[in-house]
Structure formats: structure tokens, C-alpha cells
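Here is what Swiss-Prot says about this protein:
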type	residues	note
BINDING	101, 102, 117, 118, 174	S-adenosyl-L-methionine binding site
């Protein structure tokens, strides 16, 4: 739904052309959601009462920095689900990258991660955030383990993986679901994703594609009480306080 957002200002003219986004000059933008360059980096914003604060991808500060320093290492739920353990650091594709939070955690723990995002505006935020992380001394090594690609994983996962020359042992999925978090901030952020991407009605197709591509396992993040994605039953489940991971295992990940 690239027409739902407009890239604003001369600095984004080339980016808009490359990603197929609408573009308008500064001062002319009338779209509900605007992509614009700010001193803090690329930002996606709309009417604050509806969408909340501007959305950026920043791996160098804030929650990402805190989680990098104090997040709990390989004991974190996403790390356990993806099979990171002593002597085991799999190659991972995050096929529903979003703002890259889970992928950054996995890269922080040493994994090589390909992030795939289908929404052009969100991909642009990821590209910008990763570029700034690459230029920061504290995060450059982590950023070097992350690559970002734009595409619809439900339809072209195999070709995207081949194009980026990665043989993923693990595919991580976090399909859109009705968000029950009581935080108004989270609710407003999710409005942006829903307005741009809609619900993931093709989650069963996405799971099927992931199972075809992953050599060892597929992990699917779900609300704790939500049913699994329609299709094959998961082999294992890991539960957290508000979410869980459904694990579809082809074979075990073993220490190198």
C-alpha cells in the first residue's frame, strides 16, 4: 500500500523513486502518513493523536541500546526460540522484519540476519537505521551482521534468500495479529503498520514458504493465547508473559 504514505522533501526524491513511493515537496504534503528526513534520521509520522510520536529505527540509543547492554543474552525468549545456545549461532532470516527489534537482538548475540520487509516505507526506515548503526562505533560490528531487503516473503521468500546468498537455518516470523497490549503508545504504533500493511491474511502461505526455505526450524511469534497459524501443527511452544513462540522443527541445531 505504498500510496498510503508520501515521501516529503527534496532529500527523499530519489528514495521515493527507488521504492515506488509517492513524493511531494516540503509544504505540499497532504497524506495521512509522511516520510521525512529529520536531524535524528528518517521518520514516519502522522497526526499525533491518532498515530502517536514519529516512528524511527534507531539501533544506537533508547530501548535498542538498553536491550543490547542489559537484555539477558541468549536467555531471551527470541534467542531460545531461534536456537541460539552455547556453540550454536544459526543463520537467520527475519521474514517479517518490521522495525527490526528482534533481528537486532539476534545480531547482537552473534547471528547473521537477513531482514525482509514488504512495506516500502518501513523498509526505508530500516535501511536508514542500519546505515546509522553502521556508522556508530558501538553498533558497527552488530550492523555488519545485518542486511535488509524489500519484498513480500509470502510470495518470494526463496528468491529473496537466493538473491542475498544466504542459506538460512532458521526463519523467524512475526505476522500481524490483533494487538492486545494496553499501552497506548504500542496501539498507536500498530495503527501505522495496519494502515500501511493491513492484517497478514496470507500468514499460512508465509509459514509454508518459510518451511520450504529454513533448513532447521521456523519460529513464529504469536500472542500467548492465540491459535497457531493455520497449517501444520507446531512441534514445540515456548511461552512468555504476553507472547509465545511456535516452533516447527526440521532437525536439531547442533554446536559447530
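Heads up, the Cβ atoms here are built off N, Cα and C, so glycines get one too.
Worth saying up front: this structure is predicted, and the values here are computed from it rather than measured.
Features per Swiss-Prot, on structure.
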residue : record                               : Cβ contacts under 8 Å, 6 or more apart
102     : S-adenosyl-L-methionine binding site : 78, 94, 172, 174, 221
117     : S-adenosyl-L-methionine binding site : 96, 97, 98, 123, 126, 148, 149, 150
118     : S-adenosyl-L-methionine binding site : 150, 151, 152, 153, 197
Measure from the Cβ of residue 174 (S-adenosyl-L-methionine binding site) and count the other Cβ atoms within 10 Å, all protein chains considered.
-> 20
Provide the number of Cβ atoms within 10 Å of the Cβ of residue 101 (S-adenosyl-L-methionine binding site), excluding the reference atom itself.
-> 16
When you look at 101, 102, 117, 118, 174, which the record names as binding S-adenosyl-L-methionine, what is the longest CA to CA distance in angstrom?
-> 17
So, in DSSP terms, is residue 174 (S-adenosyl-L-methionine binding site) helix, strand, or coil?
-> coil
According to DSSP, which of helix, strand or coil covers residue 117 (S-adenosyl-L-methionine binding site)?
-> strand
